[in-house]
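Student: Next up is a structure, given as C-alpha cells.
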Ligand SMILES: NC(=O)C1=CN([C@@H]2O[C@H](COP(=O)(O)OP(=O)(O)OC[C@H]3O[C@@H](n4cnc5c(N)ncnc54)[C@H](OP(=O)(O)O)[C@@H]3O)[C@@H](O)[C@H]2O)C=CC1
Ligand SMILES: O=C(O)[C@@H]1CCC=N1
C-alpha cells in the first residue's frame, strides 16, 4: 500500500473502531484516517487515537482513496446518498454491512444504469480490535486486481482474509465468523455459569473458561488432527467428558448450532430484501 493512502470510515461505531485499531501502525497512521459519524457521542474516542472526525461529509472525503462504509445496514442507503458526490473515478469502496449485496450498493453509489464498479463487500468480525479478526471478502468482477489487493492488504492488517467468488456465500460467512464471536462469548458465559454452580468463584471460572477456549482453538489451528479426533483424545471411555458430551447430544447441540447459523443467514438475506431496493 502506498504511503499516506487516506482511508475514510463512514460510520465510526464499534466495527469501525475495531478495524481502525488493527490498521493504525500497520497499514496506515492515525492521521491517514478520516471518520465521518453523524453521532458526535463517539468522536472523543477517535480524537484520543489521533484520528480526525467530522459529523458531516466535506471535500476531505474526496482525498481518501479508500472509503469504508461502516454504518448499520438500515443507514447505508442514506449514508451513500449523502457522500457519493465526493467519489473519484479511482475511489475503492468497501462495505461491511451485513446482507446488503453489491447489486444494490453499486446502483446506489452510481445509478441503476451505471452501477459503481469499484466495490468490495466484506464481512469482518470484532476480534479485529486486537488484530485477530477474520474477514470474508467478495470483490465485484468489475474491480481491478490492484484494488482487490489493496482491500486484502488493509484487511490483513486486522487478521486473516478468506476470499469468496460467489457473493451469496458471504451470508454463510456472516453466520459463521461475522456473528461467531457472539456465539463464543455465549459459550464463555455458559461455562462460567456452570463452573460457579459447581463452586468456583467468578475470577477462577472466567480464567479457566477463557484459557480453555484459547488453548483448544490454538491446538486445533496447529494440529494435523481433525477437530473430531482432538475431541476423541479428550474423551476417555466411561469418563467425565463422555458424560458431558452425552448431555450435549441429548439436547441436540449440533442441530441447535446449525439452526442458529441458518437463522443468521436467513436474516442477512431478509435484510437485503427489506433494505436493498433502489
Ligand atoms: N458489530 C459487529 O460485530 C459487526 C458488524 N458488521 C456490520 O458493521 C456495520 C456497523 O456495525 P456497528 O459498528 O456495530 O454499528 P454502530 O451502530 O456501532 O456504528 C455505526 C455508526 O454510524 C453512525 N451513522 C448512522 N448513519 C450515519 C450516516 N448517514 N453517516 C455517518 N454515520 C452514520 C451511527 O450513528 P447513530 O448511533 O446515531 O445511528 C453510529 O455511530 C453494520 O452494517 C454491521 O452489519 C459487520 C461485521 C461484524
Ligand atoms: O449482528 C449483526 O447483524 C452484525 C453482522 C455480523 C455481526 N454483527
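Yeah, the Cβs are placed from backbone N, Cα and C, and that goes for glycine too.
Just so you know, TrEMBL annotations never went through curation; they're auto-generated.
Copying in the features that TrEMBL gives for the protein in this structure:
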type: DOMAIN; residues: 6-99; note: domain 'Pyrroline-5-carboxylate reductase catalytic N-terminal'
type: DOMAIN; residues: 167-271; note: domain 'Pyrroline-5-carboxylate reductase dimerisation'
Student: Please average pLDDT over the domain 'Pyrroline-5-carboxylate reductase catalytic N-terminal' (6-99) for the predicted structure.
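Tutor: Here the predicted model's pLDDT, averaged over the domain 'Pyrroline-5-carboxylate reductase catalytic N-terminal' (6-99), is 95.
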Student: Can you count helix, strand and coil residues in the domain 'Pyrroline-5-carboxylate reductase dimerisation' (167-271) using DSSP?
Tutor: 87 helix, 0 strand, 18 coil
